[in-house]
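As given in TrEMBL:
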type: DOMAIN; residues: 92-250; note: domain 'CP-type G'
type: DOMAIN; residues: 101-248; note: domain 'EngC GTPase'
type: BINDING; residues: THR140, LYS141, ALA142, ASP143, GLY192, SER193, SER194, GLY195, VAL196, GLY197, LYS198, SER199, THR200; note: GTP binding site
type: BINDING; residues: CYS273, CYS278, HIS280, CYS286; note: Zn(2+) binding site
Amino acid sequence: MTNFQILASLGWTPFFQQQLSLEEWSNACPVRVASVHRSCISVQSDTGSFSLPVTPAMDTLAVGDWVLLDSQQRYIRLLERHSCFRRKAPGTQREWQLISANVDTAFILCSLNEDFNLNRLERYLTLVHSSRVQTVILLTKADQVDHTEQALTMVRELDASLDVLALNTQASDCAERLSPWLARGQTIVLLGSSGVGKSTLTNTLMSAHHQQTGSIREDDGKGRHTTTHRELVTLPSGALLLDTPGMRELQLGGCDTGISSAFADIELLSEQCRFNDCQHDQEPGCAVHRAIESGELSQRRLNNYLKLNRENAFNTSTLAQRRAKEKSFGKLVKQIVKDRERFKAS
Ligand SMILES: Nc1nc2c(ncn2[C@@H]2O[C@H](COP(=O)(O)OP(=O)(O)OP(=O)(O)O)[C@@H](O)[C@H]2O)c(=O)[nH]1
Ligand SMILES: [Zn+2]
């Protein structure tokens, strides 16, 4: 019998439970994907961690996924995701890459030094707003700069409802300050460009208590956690942290709702533009431009909104085209099979 209490500490909730059929309830074993490698995945279950060879059916799994195994530890199926982040795979390929699945809270890290960048922050906000997750902005390296207050104000102006904290990721008070989001069974993903302090924060949170955790961790020999690939680690608080190695490029696609939500102010203004299809360029009666002139909205934010919209539309359409192609190929295959059967029958 599956121990659902242990599963709850791994992030199992009624959302997943209700997806089980009666038969699966008694026979299947739910496990959570902790890391994905080319030929194997490691999973956490109510009886501990183990790894499984990857079969073609498991090709689309992401870290954080819940999957069902049979009594022989064979893969049955993927459970529907509560939330999921994906980006366009870097390079020229028009492919998607899953960043994480079933996350409750996203910590978006942005350093306060010369890399501080509101446009990039808006890009990450668009990504998280397209999924059902709580968002917290962490402004790191607060110990290195003296303009923390101004930066906090600028970020709060992006969205007054956001939780924003400035911190030194090496300081021992991080665990306490972040504790509202780090309860047992909660899943957190760290997002942010390379060098913003994701690994440092992971290390600080991991060593918050000197306690052995049943987590999967990689050690560099100095007792330090290092990120070489995406993996789920259990923090002393009982929360599950998904550390992602530095993302050099976060290309958006399929984020229509994310844009509408991250830029709700501009979308609201657009409703007052004279023309329904106003591009907020040179059109007369543009409410967005009026807001810029009055200082209510920054030109920077509008430019970034237009840029992310173009990028999202481009990447989304290429994805849609690919899906359509796959669909028509699928139809063709079905037709061939049907014809063959008819041929056999005749
Ligand atoms: N002073 C100070 N240094 C920090 C802070 N956060 C990170 N650093 C330093 O910044 C450098 C980069 O931090 P990492 O934790 O490796 O950054 P990362 O986000 O994990 O980078 P990737 O692994 O490339 O994605 C390290 O030298 C850290 O010691 C901070 O809050 N204060
Ligand atoms: Zn307009």
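Cβ atoms are placed via backbone N, Cα and C, with glycine included.
Where the annotation comes from TrEMBL, it is an automatic prediction and has not been curated.
All features noted in TrEMBL, drawn onto the structure.
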residue: THR140; record: GTP binding site; CB count, 10 Å: 27
residue: ALA142; record: GTP binding site; CB count, 10 Å: 21
residue: GLY192; record: GTP binding site; CB count, 10 Å: 26
residue: SER194; record: GTP binding site; CB count, 10 Å: 10
residue: VAL196; record: GTP binding site; CB count, 10 Å: 26
residue: LYS198; record: GTP binding site; CB count, 10 Å: 26
residue: THR200; record: GTP binding site; CB count, 10 Å: 19
residue: CYS273; record: Zn(2+) binding site; CB count, 10 Å: 19
residue: CYS278; record: Zn(2+) binding site; CB count, 10 Å: 19
residue: HIS280; record: Zn(2+) binding site; CB count, 10 Å: 19
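The separation of HIS280 (Zn(2+) binding site) from ALA142 (GTP binding site), Cα to Cα, is 37 Å.
Proximity of the binding-site residues (THR140, ALA142, CYS273, CYS278, HIS280, CYS286) to ligand 2: a Cβ under 6 Å from the molecule is found for CYS273, CYS278, HIS280, CYS286. Classification of THR140 (GTP binding site) by DSSP places it within a strand.
Across the structure, VAL196 (GTP binding site) and HIS280 (Zn(2+) binding site) place their CA atoms 34 angstrom apart. Counting in whole angstrom, CYS273 (Zn(2+) binding site) lies 35 from GLY192 (GTP binding site) by their C-alpha atoms. Taking a C-beta cut-off of under 8 angstroms and a sequence separation of 6 or more, CYS286 (Zn(2+) binding site) has the following same-chain neighbours: CYS273, ARG274, CYS278, HIS280. Break the domain 'EngC GTPase' (101-248) down by DSSP state and the numbers are 42 helix, 35 strand, 71 coil. Listed in sequence order, the binding-site residues among VAL196, CYS273, HIS280, CYS286 whose CB lies under 6 angstroms from an atom of ligand 1 come out as VAL196.
Looking just at the domain 'EngC GTPase' (101-248), the mean pLDDT is 84.
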